[in-house]
Amino acid sequence: MDNITSNAGNLPNRIKKALITRFSLRMDQADDREIDRNIREGLELNGTYLWTLMCAILIASIGLNINSTAVIIGAMLISPLMGPIMGIGYGVGIYDFRLIHKALKNLAIATVISFITSALYFYITPLNSAQSELLARTSPTIWDLLIALFGGLAGIIGATRKEKSNVIPGVAIATALMPPICTAAYGFVHGNTGFVLGAFYLYLLNCIYIAVSSILIVWFIHPVARREINDKLRFRLRLFLFSTVFVSFVPSVFIAVNFVHNQVFDRNVSDFVSKELVFSKTFPIDYKSSYKNKTIDVVLVGRQLDENTIAEIENTLPKYGLAGTRLIFKQVGMHQEDINAIKTALAKDILADNQKEAEKKEQILQSLQANARSAEKKAREEKEKTYMNMAREIYIQYPEINEVLFADAYVSRQKDENIDRIPAVVIISKHTLKKDTRTKIMKWLRFRLEEDRTEMIFINR
């Protein structure tokens, strides 16, 4: 009985001991001298490092340019940027200021070389449009910060083990150090300051939090290479670290909050448009929303809405969480009717007014007609240019495709008296495209055309 009582009393201690053993970082930890040697070797800036770096940055640039996630992941797998960043964290952790200086210098050189290499690529490439993979690197949030923090923890833990695993390549993929540099280079080449600042902020965020997580693990394992410094210097160093972490953390929180608000706003706008802007003889063909300006711009064709109808629609905005949002209707598609109405009104005035006034009003009429023709011509040319650029990108990415046809399709459905007008694209290829290729092309075209209802037809001949 006493043994049973004793065993029951020791159970919490045994559980605690088992948990400590299970989660201990010292079980398979490498020798301190081996850790020190490996990290110092990893931040060396030699010929092999630089050539690998330039190849990786070019691969990442191409992947971002053609919007290929697989290519971008390949670039991150061979990226050697983790070495200097973990070197900074290790140097701070053991208070080796000479190592910190060397790692910072090498990271700066590697960053500059990467930026120049990527900028040269984006300067000469014929593909100029910003793809979704590029856009994803322009607005870092607190989630990117957390990825860098936990990725850095995994990276330094992997670097301090006896047996090397696939942790470091996995961290390189998760933290994505290469794409932000490429995005900043793209923004620099095309004069987009927002791209440059957003991408460099993401890059700095990754570097800072990978280094900080490395510092925490080094302080935890307490290697013998750690130097002793006085309390005053230790306090100043930790104050600097805390300040750096805080200053880099604050903007990401604001961006994350704004990102969430934007997502909620866009979802509410989508619900509003799909449920409230449904008419028998008026069709919304496009809309754009701005959370920043609290506006919804809707383009309508068909019969014009009267003021009472517009007022009723505006009154439904609060129901969708859009109170205070300004609804702007652009009713087009009636240009010729408007011009004819103006003609009639001016003709009546011509009979009553003198010749001089008549000529003046005729000039106004001609100006209106010229502006209408010019606007229609410009819109048509811009549409043709967009289609041409999209076709060229398709031919570059998929050489087996011979022709691309763009058109507006008028869709009639059974039991529905309305006629829908949606974009239609016909892809003509040498042979039948694979299903995943067709899906990828369809998603890309719908993104570029900003219309999820785009119909796709694939023909091989």
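Even glycines carry a Cβ here, placed using N, Cα and C.
Per TrEMBL, the feature transmembrane segment maps to 47-66, 72-95, 107-124, 140-160, 167-188, 200-225, 237-260. The coiled coil feature in TrEMBL is assigned to 351-385.
Confidence over the coiled coil (351-385), given as mean pLDDT on the 0 to 100 scale, stands at 69.
The highest tally of CB pairs under 8 A with the transmembrane segment (140-160), across 72-95, 107-124, 237-260, is held by 237-260.
For the transmembrane segment (200-225), the list of distant contacts is 25-26, 29, 32-33, 35-36, 82, 85-86, 88-90, 92-94, 96, 107, 111, 137-138, 140, 144-145, 148-153, 155-157, 160, 171, 175-177, 180-181, 183-184, 241, 244-245, 248, 251-252: same-chain residues at least six beyond its ends, Cβ to Cβ under 8 Å.
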